[in-house]
Amino acid sequence: LSCASCENAACPAIGLPCKPSEYVYTPCGCCPQCPLELGQPCGSFTQRCQFDLWCLRRKGNKIEAYKYVPWHLDFKGVCARVDV
């Protein structure tokens, strides 16, 4: 992943209505977006899930969950609640 300067970023319109205090940012950190909701697909190159959710996937008998999915992983999951 190579990030250009945010000065020239063409940010997409913010999707679902959310408060500015809830904004999360695209992987390069330039564009504010609303966080993903329960059940929405998430991964390395999406915005984060809502603050009380994790990006989760099942892999065989194992469950992997990330609060902040590292950009360098090939990770695709679904926003879900996780009891730790």
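Using N, Cα and C of the backbone, Cβ positions are placed for all residues, glycine too.
Since we're looking at a predicted model, the values are computed, not measured.
Reduced to three states, the DSSP call for Cys3 (disulfide bond) is coil. Residues or ranges marked as disulfide bond in Swiss-Prot: Cys3-Cys28 (among others).
Same-chain residues at least 6 positions away in sequence with a Cβ under 8 Å from that of Cys6 (disulfide bond) are, in sequence order, Cys28, Gly29, Cys30. Marked as disulfide bond by Swiss-Prot on the basis of sequence analysis: Cys6-Cys30 (among others).
When Cβ atoms from all protein chains are considered, those within 10 Å of Cys11 (disulfide bond) total 12, not counting its own. The disulfide bond feature in Swiss-Prot is assigned to Cys11-Cys31 (among others).
The number of other CB atoms found within 10 A of the CB of Cys34 (disulfide bond), across every protein chain shown, is 16. Taken from Swiss-Prot, the feature disulfide bond applies to Cys18-Cys34 (among others).
What Swiss-Prot records for Cys42-Cys55 (among others) is disulfide bond. Within 10 Å of the C-beta of Cys55 (disulfide bond) there are 26 other C-beta atoms, taking all protein chains into account.
Annotation source Swiss-Prot lists disulfide bond at Cys49-Cys79 (among others). Here the Cβ of Cys49 (disulfide bond) has 27 other Cβ atoms within 10 Å, regardless of which shown protein chain they belong to.
Residues annotated as domain 'IGFBP N-terminal' in Swiss-Prot: 1-82.
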C-alpha spacing of Cys34 (disulfide bond) relative to Cys11 (disulfide bond), in angstrom: 13
PLDDT averaged over the residues of the domain 'IGFBP N-terminal' (1-82): 85
Most crowded position, judged by CB atoms within 10 A, among Cys3, Cys18, Cys28, Cys30, Cys79 as disulfide-bonded residues: Cys79
Euclidean distance between Cα atoms of Cys55 (disulfide bond) and Cys79 (disulfide bond), Å: 5
